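Visitor: So Swiss-Prot lists these for the protein:
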| type | residues | note |
| --- | --- | --- |
| BINDING | Thr231, Ala232, Glu233, Glu285, Ser385 | L-serine binding site |
| BINDING | Arg262, Ser263, Glu264, Glu349, Ile350, Ser351, Ser352 | ATP binding site |
Amino acid sequence: MLDTKMLRANFQEIKAKLVHKGEDLTDFDKFEALDDRRRELIGKVEELKGKRNEVSQQVAVLKREKKDADHIIKEMREVGEEIKKLDEELRTVEAELDTILLSIPNIPHESVPVGETEDDNVEVRKWGEKPSFAYEPKPHWDIADELGILDFERAAKVTGSRFVFYKGLGARLERALYNFMLDLHVDEYNYTEVIPPYMVNRASMTGTGQLPKFEEDAFKIREEDYFLIPTAEVPITNMHRDEILSGDSLPINYAAFSACFRSEAGSAGRDTRGLIRQHQFNKVELVKFVKPEDSYEELEKLTNQAERVLQLLELPYRVMSMCTGDLGFTAAKKYDIEVWIPSQDTYREISSCSNFEAFQARRANIRFRREAKGKPEHVHTLNGSGLAVGRTVAAILENYQQEDGSVVIPKVLRPYMGNREVMKP
């Protein structure tokens, strides 16, 4: 959510920046008129309340003097009715304003490249050598089928499309990966490990920006106003909703492993096979609460920490700076880390690292004090995948595949897999 005072003072300038995000600004254009009406109503109500207090004092004087006060009492009642009517209109206007404010996307940071689609994203850096094959590299679902470690067919029978059973060494590889990721972030980067709830309430989904705009993309629990989490970012960020933190406690860094649930609305026909686009998948999420002046330095740290996972796994990747049109609703700046997928001859997203500035903190009312009696300020929040586990499994199977159908296990994972070096058919 954007700051109302900032919107009021810089309306046209902010609108020009939001145009680059390609968002529908129909509601945004209503803000000025509604905000003016709100301020006008507040002024009228305050004026009438002052008049009512004045009249009330006159009634008291007349009654003490045992004089007729009926005409003034009538006037006071009329003023009261007018206040009631204006208060009702004020509540309606404020509700409309709240709806508009919740629908306005975050403002892109000045360093974000201007563009309309993913084709306008800018490559920041590359790391690693792409593997070369003397044969046509197989897709990970075929490799997994030969190894007997993933079962999409039975998962479709049990649940539906875009689900999977991990079996045997597949399950162990998945577990090895998220344990390795958590150990790295907790031990090397001093994150606090958290296991969050997998269901959250409406206020939590609103706080991080999934609601109201993206409700159709969420899995909702029937008969309850609960949602399955699309990412651990939602419960972890909302841990500190409606709190005032001590400035000395910042930055706060959390690393959380969780299942994530996505409806993938709008993705029909895309990535219908394999692990790239599932309704349920595991992810290690990194969430930061920081002082505003530190947030862009922390974004670089966060991105480097997510990259470190791929470096230790020796998987080639690139880092992309998202353009304004591909930035999403909540981020002020975002990097996507994309891992090399040989069978597709392209890089695919495996992590997004975002700085939301105060956008989420304002929605979730998360503040801090620099000093014990200082004025509360909104924190800046950041989050990034460290990493999406299923996509990492896919990348390992494809980049480490051998012509005989076996897959070499990355060296860093071997202690987590009983010191095995290879998975064989």
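Each residue, glycine too, has its Cβ placed from N, Cα and C.
These numbers come from a predicted model, not from an experiment.
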Visitor: If the L-serine site is taken as the center of the Cβ atoms of Thr231, Ala232, Glu233, Glu285, Ser385, which further residues of that chain fall within 8 Å of it by their Cβ?
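Guide: Near the L-serine site, beyond Thr231, Ala232, Glu233, Glu285, Ser385, sit Val234, Ile236, Ala256, Ser258, Cys260, Lys283, Val284, Leu286, Val287, Asn383, Gly384.
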Visitor: Just to verify a number: CA distance, Glu264 (ATP binding site) to Thr231 (L-serine binding site), in angstrom, no decimals.
Guide: 13
Visitor: Take the C-alpha atoms of Glu349 (ATP binding site) and Ser385 (L-serine binding site) and report the distance between them in angstrom, rounded.
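Guide: One finds 10 Å between the Cα atoms of these residues.
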Visitor: Measure from the Cβ of Glu233 (L-serine binding site) and count the other Cβ atoms within 10 Å, all protein chains considered.
Guide: 31
Visitor: Helix, strand or coil for Glu264 (ATP binding site)? Use DSSP.
Guide: coil
Visitor: Need this for a regression test: binding-site residues Thr231, Ala232, Ser385, filtered to those with Cα within 10 Å of Ile350 (ATP binding site). What's left?
Guide: Ser385
Visitor: For the ATP binding residues given in the record (Arg262, Ser263, Glu264, Glu349, Ile350, Ser351, Ser352), what is the largest pairwise C-alpha separation in angstrom?
Guide: 19
Visitor: Counting across all protein chains present, how many other Cβ atoms fall within 10 Å of the Cβ of Glu349 (ATP binding site)?
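Guide: I count 15 other Cβ atoms within 10 Å of it.
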Visitor: Which secondary structure state does DSSP assign to Glu285 (L-serine binding site), in the simple three-class scheme?
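Guide: Glu285 (L-serine binding site) sits in a strand per DSSP.
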Visitor: Would you identify the secondary structure of Ile350 (ATP binding site) according to DSSP, in three states?
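Guide: The residue in question, Ile350 (ATP binding site), is strand (DSSP, three-state).
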Visitor: Please name which of the binding-site residues listed here, Arg262, Ser263, Ser352, is nearest in space to Glu285 (L-serine binding site), Cα against Cα.
Guide: Ser352
